[in-house]
Amino acid sequence: MIDFVKSRDTVIQKSFFEEFNSQNREMGSFAYSGNSESVWTGENITSIWKTILINETGSYCVAARPMTMDGAEFNLDLMGYSVSEDQINNDEIGIWNYISVAEMGGVLLFLSYWIWTCLHFSKIIFPAQKVICLYIFLFALNQTLQECIEEYVFSSECIKYRQFYSVYEIIDFLRTNFYRLFVIYCALGFGITRTVPKYLMIKGISIVIALCSVYWISLYKDVYVVSEIFDMIQYEVFPAIWVYSICHLLKQCTSVTTYENASKARFFRRMLNAFIFIFCASPMLHYLSNIIFGNFDYRLSVIIGDLFTFMEKIAFPCYIMFPTHNEALAYNRNVAEEAQEKMI
């Protein structure tokens, strides 16, 4: 972990990898001036571009030492660097801040529209479609915490940065596993064509909460092994869940033969097509994000990456579960019920 020391005058963007390999590096004990302060703590700085502040002399200091939540007792290695960068226009920084606010407003507007749609089609709504509201809320909360992290990452509020970052990691892990549970239940038809048993709902929620608790402990105590296990779950188990869900939906579509279940078959077929598209498109979106991140401005790359994330995590699931798709299913259900009443 690295602590950075800075003053407040000029804003620049630098590659820390380049700076640590700079020929202008000086080692020694540098004075901690009154207008300098600790501003950032993070991991793997050699691969991250950040915005930092330098003083009028064109130099800044970096104090590096290992850190954990329990504290550390190590000697500080202080390094000074000479830099010469043009000052970024404050108006340009303000524009990027407005764009971030617009992104958050778009997510909240989408959440409001989804809630209104669920209320408008309340008679034909599925339980799974109500759960989408909770998922969008977690996504919006996650984006809000991300904005708070960016707000404090280069301010004097290092403690608040660490607090926001820890909460952000937990909410992101909760949202991801909640999404996985939702995918499995939808593929099995729970909350769509059949009710969700209480014991099954309690078990699913308990598993997600237990995983989040262990993940939080691993973050708090910096347990590397646990983090590696959860990374394996993130990148290995989730594709297996998608493959299982696709196979089960394919079985559902091929097993429906009667006229009464024709609308149900169309619903599952739409889910199957969307699941296959998401499963195939996700790696491509991540690949494009990496290309854009390496060839465009950092802020622009973040915006495009957020757009891809919105398409993958929000737009596609909401398309599958959009309430207007239930009209044919509800109509055929009413026709079947009326026919059954006439027979009685």
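Positions of Cβ are set from backbone N, Cα and C atoms, glycine also.
It should be emphasised that the depicted structure is a prediction, and the values quoted were computed from it without experimental measurement.
Taking the topological domains listed in Swiss-Prot, Val167 lies across the membrane from Val196.
Scored by C-beta pairs under 8 angstroms, the transmembrane segment (199-219) has its highest count with 170-192, from the stretches 99-119, 121-141, 170-192. Same-chain residues lying 6 or more positions outside the transmembrane segment (121-141) and placing a CB less than 8 Å from one of its CB atoms are 104, 107-108, 110-111, 114-115, 171, 174-175, 178-179, 182, 185-186, 190-192, 195-196, 313-314, 317-318, 321, 323-324, 326-327, 329-330. Confidence in the topological domain 'Cytoplasmic' (142-169), given as mean pLDDT, stands at 60.
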